[in-house]
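Enquirer: According to Swiss-Prot, the feature domain 'Cadherin 1' maps to 1-46. Per Swiss-Prot, the feature topological domain 'Extracellular' maps to 1-238. According to Swiss-Prot, the feature Ca(2+) 2 binding site maps to Glu7, Asp38, Met39, Asp41, Asp74, an assignment based on similarity to another entry. The annotation Ca(2+) 3 binding site is assigned in Swiss-Prot to Asn40, Asn42, Asp72, Asn80, Asp132 on the grounds of similarity to another entry. According to Swiss-Prot, the feature N-linked glycosylation site maps to Asn52, Asn104, Asn181, an assignment based on sequence analysis.
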Amino acid sequence: TKPLDRELIARFHLRAHAVDINGNRVENPIDIVINVIDMNDNRPEFLHQVWNGSVPEGSKPGTYVMTVTAIDADDPNALNGMLRYRILSQAPSTPSPNMFTINNETGDIITVAAGLDREKVQQYTLIIQATDMEGNPTYGLSNTATAVITVTDVNDNPPEFTAMTFYGEVPENRVEVIVANLTVTDKDQPHTPAWNAVYRISGGDPTGRFAIHTDPNSNDGLVTVVKPIDFETNRMFV
């Protein structure tokens, strides 16, 4: 008398018996079991509309990135509830329009091409589609979600001095003053261990009159005087 919804009630158990015109039972009761046949009336639904993952730059093809998951209220043991995944688009499309692939049954996303470089592309956006009926493009119902993949930094760029020679000066007998500011550039992500420069004086100061430390904000090398310098004895240090 009313429409049936398998997702609400998948099976009905009825008990029936026959009676005569006077209402007396003429047969023993019998059990009737009615199974509601599933119809493909539910689209796949992703657990999240936006999925976030990460992968180190320079990762080899076949590196696992993340897993996306969708569910379907239809019968999971029938075609109506059997899902398949695929990537609809990738942005940006460099260095290849197919940097990633997805396992169509599990939703696992892995790298499929080399060339991930954080200094060139820091983030990829994939549109993922889930389709029931085992991915049938004609009869299956579909839904989409977004996968955002961040390319994380690795230490693949050395610091480079901005000049071959730096100059400084200091009055004699002064200590704890900055005499030179050495500047470097590093293409790795700022304020990470891959970016932080460590300086040392490798020659030209046998008596240890100078020290150098890193400015944590600018990454510059700050040369300071730690022992008094006599102008009449030493007029220049290289």
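We number each residue from 1, going along the chain as drawn.
Yeah, the Cβs are placed from backbone N, Cα and C, and that goes for glycine too.
Could you give the neighbours, burial and distances for every feature on this list?
Expert: For the topological domain 'Extracellular' (1-238), the model gives a mean pLDDT of 91.
All protein chains included, Met39 (Ca(2+) 2 binding site) registers 14 other Cβ atoms within 10 Å of its own Cβ.
Reduced to three states, the DSSP call for Asn52 (N-linked glycosylation site) is strand.
Residues within less than 8 Å, Cβ to Cβ, of Asn104 (N-linked glycosylation site) and separated from it by at least 6 positions along the same chain comprise Arg84, Tyr85, Arg86, Gly135.
In sequence order, Phe166, Gly168, Asp220, Gly221, Leu222, Val223 constitute the residues six or more apart from Asn181 (N-linked glycosylation site) in its chain with CB-CB distances below 8 Å.
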Enquirer: Among the binding-site residues listed here, Asn40, Asn42, Asn80, which has the most company in the form of other Cβ atoms within 10 Å of its Cβ?
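Expert: The largest 10 Å Cβ neighbour count belongs to Asn80.
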Enquirer: Which whole-number value in Å describes the distance between the Cα atoms of Met39 (Ca(2+) 2 binding site) and Asp72 (Ca(2+) 3 binding site)?
Expert: 12
Enquirer: Here the binding-site residues are Asp72, Asp74, Asp132; which one has the lowest number of other Cβ atoms no more than 10 Å from its Cβ?
Expert: Asp72
Enquirer: Please list, in sequence order, the residues in the chain of Asp41 (Ca(2+) 2 binding site) that are at least six apart in sequence and whose C-beta is under 8 Å away from its C-beta.
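Expert: Counting only residues 6 or more apart in sequence, the Cβ neighbours of Asp41 (Ca(2+) 2 binding site) under 8 Å are Asp74.
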